[in-house]
Amino acid sequence: MFKDKKMLKYIVIYSIIAFGILLTFNMVKDEMLYEKVDYSTFMQMLDKKEVKSVNFSGNQIEITPSDSSNLKGKILYTTNPAVAGITQPELIKDLTVAGVEFNVTKPENYQLLGLLMSWVFPLILIFFVGRMMFSKMNNKMGGGVMSFGKNNAKLYAENETGITFKDVAGQDEAKESLVEIVDFLHDTRKYVEIGAKLPKGALLVGPPGTGKTLLAKAVAGEAKVPFFSMSGSDFVEMFVGMGAARVRDLFKQAEEKAPCIVFIDEIDAIGKSRDGAIQGNDEREQTLNQLLTEMDGFDSSKGVVILAATNRPEVLDKALLRPGRFDRRIIVDRPDLIGREEILKVHSRDVKLSDDVSLEEIAKSTPGAVGADLANIVNEAALRAVKHGRKFVIQEDLDEAVEVIIAGQEKRDRILSPKEKKIVAYHEVGHALVAALLNNTDPVHKITIVPRTMGALGYTMQLPEEEKYLVSKEEMIDQISVMLGGRAAEEVVFNSITTGASNDIERATQSARNMITIYGMSERFDMMALEAMSNRYLDGRPVRNCSETTAAIADEEVLQVIKKAHEKSIKILIENRELLDEITGVLLDKETIMGDEFMEIVYGKYPEKREADEKAKKEIQSLREQALAKRKEKEEAIKKAREEALRLEEEQRKQDELKAMIEAQEEAAKLARANNEANNDALDSSKENEEVKSNVNDGATEEKKDDSSTNNKVDGE
């Protein structure tokens, strides 16, 4: 009836509790409904005509008071004198005279039914209702509200993850760090023989969407071992102590399935630092302590590897990160340009692409995008192709998908007045022209005044020619000038300002503040850090590390940076007013201008800039080709190393098989020799027996001859 003995135990316990509650309820109910009175009180009530009816039932008399009695609404009972052998023939007469209804019942006929109705049926009902409730709670709470020690980990069999390193792109360094773990799980013997121990745990750290969970599954897929997957929040649910019990159960199962991988996603849910704060969570700390104990207790040579993922490594407890636990930290950061292109290739493997599609251009247009973003872009492009009735995805679909992710869908039904449209056009061209005429800015890719659903009335898209990991002070100032170029154009052309620059002002202010408070680009504060960035992988807000007075001075410095950048933008646009008007006219006519067309207009006035830009492009392309060649060389080296490891493993396996075969043959030969010797011994023994038997027969024959000759002699005499 019950597959889970623990569940049966809990239902029995709760049934006993329910029985006690039911017993108490029945006792209280009897106390409330029934009241015992003396027989003399009953007689007095009868004389006062305060009795409505009487029922003689076994050893007691049940009395129902009349409406005039003070005890109205209760059922009274008193002892029946007949039980003691005392008869009162006058009682029946008095009841008849008083007009009181009376009746005689046999209680034994109703005892069984009363017992069933009062006790058995309610208990059965409670039992089955409780069973159904616990069953539903089990299903809803992933293993059960009553399964205290059971973990909720999803167990993937050896080939069920379906993911290998081929499905992970743009994270070559992370994959390289994990190849060692895969090799260890493939063949733990060679590590044990040399005395090497693999790290017990590896912590995957990086922003959301970079592929930390995918990497963990790829490790399991490559190693072809069982894969336990569990979220940190799954350890703690509603009962104190459940988290620690689940940790114990998880590691117990892992040791039984070894070699295997245990993956804990979002481990910061249980691994937060125990800082002694008053608002500490005892249940979470118990779970963390149990996890630390288990990681100390198991032997990594058995082949159990713990992988965990988080995007908040700064909040993790130091004991969790010390050597012997999660002592290897693998950074899974945002992919670079080549990485983004490789990711796009992976996600577009099953998508029909046109021959003219350039994934490199899409990779260039998505700086800072993670794997999840790029997968979404490819899917959006495929959906757009289907929407337009095409059988394959073209470049336009991918370009539009990028813009949908960045700015939202086109909002063609939003009609702007001619004046507003003109303001938006000058605003966007102001951004683009300042970007084109400054030296430390990214090239303009597109200018549009088509409104978008995310609120933009138009936008200017800039795409970097190369990946930048360092930004100079001059570059940051020029970037701020570009941000303020739209407002500057409004001032130069219309001599007024609008609300359209709100987002530009916000971003410019944040960049200027970072220059002063974080990057040490202020002459007044030199290299003093006034703010610190928290949660770097989650785009956390800066935390101020200075006094109110210093913060006020820093605000003045920020204002000066913004003012200088603003003045630079205004100066550029005033000097190039004719170019500003010309490009704006083209934009108003076409609504969208691509970067090449825009730059051709600019090159018409500044031909020397064309040569400089082309030279810079060639240098960047050369560097990119070198980087790509190095990456391919590195990938080939890793591939060869893995193939060599597999070859050696195969050779070792064949040698082991050959050795086992030789040993088996030697054992068989030994057994054969033993059998031959045994057969020879048996044959020799048989020959000896035959010789003995022959000698015995010969002796018997001689005796017969002697007896015969003796008899002949006797007869002759």
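Keep in mind that glycine also has a Cβ here, set from the backbone N, Cα and C atoms.
The shown structure was predicted, so the numbers you read here are calculated from the model rather than taken from an experiment.
Swiss-Prot names HIS427, HIS431 for binding Zn(2+). Of ASP355, ASP356, ASP504, the residue it gives for the same site is ASP504. Over all protein chains present, the Cβ of GLY211 (ATP binding site) has 25 other Cβ atoms lying within 10 Å. For THR213 (ATP binding site), the same-chain residues 6+ apart in sequence whose C-beta sits under 8 angstroms from its C-beta are SER229, PHE263, ASP265, ALA309. A separation of roughly 28 Å, to the nearest angstrom, links the Cα atoms of THR210 (ATP binding site) and ASP504 (Zn(2+) binding site). A gap of 36 Å separates the Cα atoms of GLY211 (ATP binding site) and GLU428 (active site).
Most other Cβ atoms within 10 A: among the binding-site residues GLY206, PRO207, PRO208, GLY209, that distinction falls to GLY206. In this structure, of the recorded positions GLU428, ASP504, the smallest number of CB atoms within 10 A of the CB marks ASP504. Residues GLY206, PRO207, PRO208, GLY209, THR210, GLY211, LYS212, THR213 make up the record's ATP site, and a Cβ search at 8 Å around their centroid adds LEU204, ALA309, ASN311, VAL332, VAL370, GLY371, ALA372 from the same chain. A gap of 31 Å separates the Cα atoms of GLY209 (ATP binding site) and HIS431 (Zn(2+) binding site).
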